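Here is the structure we will look at, set down as structure tokens.
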Amino acid sequence: MPPYISAFQAAYIGIEVLIALVSVPGNVLVIWAVKVNQALRDATFCFIVSLAVADVAVGALVIPLAILINIGPQTYFHTCLMVACPVLILTQSSILALLAIAVDRYLRVKIPLRYKTVVTQRRAAVAIAGCWILSLVVGLTPMFGWNNLSVVEQDWRANGSVGEPVIKCEFEKVISMEYMVYFNFFVWVLPPLLLMVLIYLEVFYLIRKQLNKKVSASSGDPQKYYGKELKIAKSLALILFLFALSWLPLHILNCITLFCPTCQKPSILIYIAIFLTHGNSAMNPIVYAFRIHKFRVTFLKIWNDHFRCQPKPPIDEDLPEEKAED
């Protein structure tokens with residue numbers, strides 16, 4: 001017999017489905033834009049594609065699994081653990097992609113003349129592969145033993161049951177809060193976020209310094225070159241800010257769970273924190289569309305070429321290679 005779904009659960013599922021319906025097409029559009037526009041082929045946009053792939057997976061995989069967990073099916077412990085781990089992998093991948101983007105923007109303003117020889121497509125691909133491999137290691141650590149199996153088994157055996165425990169599948173029931181706080185948050189989330197803040201502060205400082213000094217750059221026009229870098233840096237810093245705003249509340253709630261087990265956490269706050277984490281995957285394409293000219297033009301061209309019912313002359317015959325507005 002299928003589990004009973006309350007009105008509150010139905011509302012939760014509806015919101016999650018809405019987020020997925022925005023996130024998946026939006027991030028597929030980002031990947032599509034990079035594919036069709038040669039001007040979006042530098043290292044920064046390769047890292048943005050990696051971020052978009054993670055966000056597509058959130059909408060297509062993590063949100064359906066979150067809905068399944070919310071319904072609360074009875075599963076074996078390790079089955080539930082496998083359901084819980086993908087979000088850890090994808091979150092870590094997003095953080096490392098954001099860190100790679102920050103380092104890339106720093107190099108663009110720190111060594112503009114040597115940037116293209118230092119940051120090659122091959123090195124960017126190696127960095128992306130390294131980020132995903134590291135994300136798999138961090139996200140699958142609970143599968144290697146850092147989980148709540150011993151606690152669950154103790155209760156399971158106390159009831160006279162044998163074999164692998166069968167539980168109501170819930171994230172906190174299988175994932176250790178020590179892992180989430182000490183390892184995931186304090187090692188793999190908070191330090192990279194703080195490092196990225198410092199990197200962007202240095203990027204803004206270097207750009208302002210160069211604009212004031214008007215030092216020549218590879219473009220031959222320092223105002224145009226560094227003005228463009230400033231705008232892109234602001235847009236990418238906004239992506240970082242939205243990520244932190246979306247994920248920190250849930251990690252703070254995890255800290256409360258670990259350090260104050262008797263403290264009550266209102267269910268509405270938990271759901272809001274979950275919606276923020278999933279909703280973050282839908283935010284980035286919107287930021288790109290409104291803040292980065294190359295993406296905006298490419299999105300419109302894709303729309304005009306593939307989705308308009310009435311043929312209309314394209315707004316740009318050729319996609320721009322460079323725009324000062326970028």
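Positions of Cβ are set from backbone N, Cα and C atoms, glycine also.
Judged by Swiss-Prot topology annotation, F77 lies across the membrane from F307. Among the candidates C46, C80, C260, C263, the disulfide partner that Swiss-Prot records for C169 is C80. When each of the disulfide-bonded residues C80, C169 is scored by how many other Cβ atoms sit within 10 Å of its Cβ, C169 comes out lowest. DSSP places the residues of the topological domain 'Extracellular' (147-176) in helix, strand and coil in these numbers: 14 helix, 5 strand, 11 coil. Segment contact is absent for the transmembrane segment (236-259) and the transmembrane segment (11-33), given fewer than three CB pairs below 8 angstroms at sequence separation of 6 or more.
Ranking 11-33, 81-102, 124-146, 268-292 by CB pairs under 8 A with the transmembrane segment (177-201) puts 81-102 at the top. Looking at N148, N159, the glycosylation sites in this record, the fewest other C-beta atoms within 10 angstroms of the C-beta turn up around N159.
Sequence-distant neighbours of the transmembrane segment (11-33) (same chain, 6+ residues past either end, Cβ-Cβ under 8 Å): 5, 40, 48-49, 52-53, 55-56, 58-60, 63-64, 66-67, 70, 271, 275, 278-279, 281-282, 284-286, 288, 295, 298-299, 302.
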